[in-house]
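The following features are taken from Swiss-Prot:
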ACT_SITE  Asp91  active site, proton donor/acceptor
ACT_SITE  Lys154  active site, schiff-base intermediate with acetaldehyde
ACT_SITE  Lys183  active site, proton donor/acceptor
Amino acid sequence: MTMNIAKMIDHTLLKPEATEQQIVQLCTEAKQYGFASVCVNPTWVKTAARELSGTDVRVCTVIGFPLGATTPETKAFETTNAIENGAREVDMVINIGALKSGQDELVERDIRAVVEAAAGRALVKVIVETALLTDEEKVRACQLAVKAGADYVKTSTGFSGGGATVEDVALMRKTVGDRAGVKASGGVRDWKTAEAMINAGATRIGTSSGVAIVTGGTGRADY
């Protein structure tokens, strides 16, 4: 079971003060425990790709992070650049203000810009930032992500005060059905919480506590 859950973990280090040494350590841990990916900021993608060369651990990065308030064109460029540097998964933040303004067409275009830039070269996960949304907005965001061709919907950046909840994961799974994966992220620090998220429908876990989860401990960081 430990190895099964390891394959669902995006081993994450997104804090702005992360050093190269810490990124290398993250990659070493990912190789040791067999995590699905490492998730790092775009500036560290080349480093992670170098460290993980020849392994099946994928490099994941973030787009429009953490606010989601850049333009579709900017997010598309970030995506192309990240893939050129070695990323094989991208976690993008939706335009939250546009969603709340009822500008669904813009939200969909924003997601589609990243999906088209990834063009089958990288998985696209769409962060809806559940802590800032009503349930109706969460459903609408997930529907737009699926419509735009995203591979996953994801709960949180970990930078907006609230992380994944079992209720949100279940709602997102109900909304997307089998059309997309669901990634629970933010505040998942131990085995019990990770298991609860998976039971609610999560198929990927984003956490900086991956080692603690698979070794039975409890991590301290939010993300």
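Easy rule for this one: first residue shown is 1, then count along the chain.
Cβ coordinates come from backbone N, Cα and C, glycine included.
The two recorded residues Lys154 (active site, schiff-base intermediate with acetaldehyde) and Lys183 (active site, proton donor/acceptor) have their Cα atoms spaced 4 Å from each other.
For Lys183 (active site, proton donor/acceptor) paired with Asp91 (active site, proton donor/acceptor), the C-alpha to C-alpha distance reads 10 Å.
Annotation note: Asp91 (active site, proton donor/acceptor) sits in a strand segment as assigned by DSSP. Contacts of Asp91 (active site, proton donor/acceptor) defined by a Cβ separation under 8 A and a same-chain sequence distance of 6+ are given as Cys39, Cys60, Thr61, Val62, Ile63, Phe65, Lys125, Val126, Ile127, Lys154, Lys183, Gly206, in order along the sequence.
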